[in-house]
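J.: Okay, handing you the structure first.
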Amino acid sequence: MAKISFLLLILIPFLFGMSSAQLTANFYSSTCPNVLSVIKTAVNSAISKESRMGASLLRLHFHDCFVNGCDASVLLDDTSSFTGEKTANPNNGSLRGFDVIDTIKTQVESTCAGVVSCADILAVAARDSVVKLGGPSWNVLLGRRDSTSASLSAANNDIPAPTLNLSGLISSFSNKGFNAREMVALSGSHTIGQARCTTFRNRLYNETNINSSFGTTIKANCPQNGGDNNLSPLDTSPTSFDNIYYKNLQSQKGILHSDQQLFNGGSTDSIVNTYSSNSATFFTDFAMAMVKMGNLSPLTGTNGQIRKNCRKIN
């Protein structure tokens, strides 16, 4: 009986297929051993040309994972018979970096055709962007496959809006399995990048928990009418991945309503204080939260597909 039981343990994965396969750090070690260096080189090149691209690539991964898991659904273009997620309110006119992902996919396909998923490229590009801008690194678990569908409604409903209050933020992240500390850590991604005037105009002109001189400075680039796409940095060091974001919140210099909610006399003030005073703790927590986010409902095994073109289903 012992021999039979041992044999069953070996055969179970094969008997039930590989649809329950787990993500692993060395998934492409034999099938596409150079994939990580290809992605890193392309990401570093893109960020060297435009430092903001690092934040854009990180955001692409986030907006992908929060909608039915990390499956590259965010990359799909609309067609006459298919509606993707690019026109959802959190994405429309603001998501960037698609061309960088296209470039990476083309380079990877030239050496390992039909092997590496767009979802994995997004996950690695997000990590490499953070590292390039001075942030922490982490082992990106790989083996995701690409979706054959998208959900405009889920993109509109599941991606946290910049207008959310603290309770809404906690709820939104809790729905994806994150606790409040992980939510505050992931919000630290706003230590890099820019925000459009339309996303913070109401806070700028109607809220009182904002540093007055800071508000005056930002208003110069975000009038009460017009200039919706004018950009302002999300923190005062937008090209460095650091803990300045949290120090800004302590000084009421959060540009988004949702950002300042993290430090506004509520339950997350203490977490902001911790990250503000200890960047190493922030880096550690952020890296762990990113690994957890990358594990949100991935398609593995025989589910999904490996897209030849990240913008369309095979």
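Backbone N, Cα and C atoms are what each Cβ position is placed from, and that goes for glycine too.
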J.: Between Cys70, Cys112, Cys118, which residue forms the disulfide that TrEMBL gives for Cys310?
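T.: The record-listed partner cysteine is Cys118.
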J.: Of the listed cysteines Cys112, Cys197, Cys222, which one does TrEMBL record as disulfide-linked to Cys32?
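T.: Recorded disulfide partner of Cys32 in TrEMBL: Cys112.
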J.: With the Ca(2+) 2 site defined by Thr191, Asp235, Asp242, which remaining residues of that chain have Cβ atoms positioned within 8 Å of the Cβ centroid?
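T.: Result: Gly188, His190, Ile192, Leu234, Thr236, Ser237, Pro238, Ser240, Phe241, Asn243, Ile244, Tyr245, Tyr246, Asn248.
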J.: Identify, among the binding-site residues Asp64, Asp71, Glu85, Asp235, Asp242, the residue whose Cβ has the fewest other Cβ atoms within 10 Å in this structure.
T.: Asp242
J.: Quick check: of the recorded positions listed here (Cys32, His63, Cys112, Cys222, Cys310), which one has the Cα closest to that of Glu85 (Ca(2+) 1 binding site)?
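T.: That would be His63, the closest of Cys32, His63, Cys112, Cys222, Cys310 to Glu85 (Ca(2+) 1 binding site).
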J.: What residue among the recorded positions Val67, Cys222 has the most other CB atoms lying within 10 A of its CB?
T.: Val67
J.: So if I draw a 10 Å sphere around the Cβ of Cys70 (disulfide bond), how many other Cβ atoms end up inside it?
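T.: I get 28 for this one.
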J.: Sorted by position, what residues of the same chain at least six away from Ser73 (Ca(2+) 1 binding site) have a C-beta under 8 A from it?
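T.: Once residues fewer than 6 apart are set aside, Ser73 (Ca(2+) 1 binding site) is near Asp64, Val67, Gly84, Glu85, Ser147, Ser149, Ala150, Ser151.
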